[in-house]
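Okay, so here's the structure we're looking at.
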Amino acid sequence: MIIGITGGIASGKSTVVKVIRKAGYQVIDADQVVHDLQEKGGRLYEALREAFGNQILKADGELDRTKLSEMLFSNPDNMATSSAIQNQIIKEELAAKRDHLAQSQAIFFMDIPILMELGYQDWFDAIWLVYVDAQTQLQRLMARNRLDKGKARQRIASQLPIEEKKPYASLVIDNSGDIAALIKQVQSALLSLANPR
């Protein structure tokens, strides 16, 4: 069984993943896969450098993720170019990791922030959506990424609204409360997995 984990930016997916890993389950982290591919010499690094030039690199030749983010979120054409380049490479890499893990794990998870936006729904037997109300999401994103309200709203707007993701979810984990309530929901869901009725 493969379970997809998704949710809006700053919704609390990382905390959910920590609880799942602590329970002994494997989780493929799409953001980490992307990060690895963007390392100097990686497939995405080379593809992005070819598309946007050396202006997206730091002095030491590493990818300047902050500069790249600013370029993408401020310009829809740049975002479209980047998405077209990256999505295929990322999909290939995630599929390889999924297929490898499926050989040894009966149940595992894949944390993909923009799962619905990229059309990954068919990969999963179940999808867990981490939900947070819009105001809380905005405040958390501003605090976490040190963004002003305008930039935070811009990032949130680049993703499918959470309400449009809900119909795809087999489980909605509500993270509008405190961390203890979030952990309890995840532990309960994991218990149901281990002991299906």
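The backbone N, Cα and C atoms fix where each Cβ goes, and this holds for glycine too.
Residues or ranges marked as domain 'DPCK' in Swiss-Prot: 2-197. Annotated ATP binding site per Swiss-Prot: Ala10, Ser11, Gly12, Lys13, Ser14, Thr15, in sequence order, evidence recorded as sequence analysis.
All features noted in Swiss-Prot, drawn onto the structure.
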| residue | record | Cβ contacts under 8 Å, 6 or more apart |
| --- | --- | --- |
| Ala10 | ATP binding site | Val132, Gln137, Arg140, Leu141, Arg144, Asn145 |
| Ser11 | ATP binding site | Val130, Tyr131, Val132, Gln137, Ile162, Asn175 |
| Gly12 | ATP binding site | Val130, Val132, Asn175, Leu182 |
| Lys13 | ATP binding site | Ile5, Thr6, Gly7, Asp111, Pro113, Val130 |
| Ser14 | ATP binding site | none |
| Thr15 | ATP binding site | Asn175, Ile179, Leu182, Ile183 |
Check: same-chain CB within 8 A of ATP site center, minus Ala10, Ser11, Gly12, Lys13, Ser14, Thr15: Gly7, Val16, Val130, Val132, Asn175
DSSP-derived structure type at Gly12 (ATP binding site), helix or strand or else coil: coil
Stretch-averaged pLDDT - the domain 'DPCK' (2-197): 91
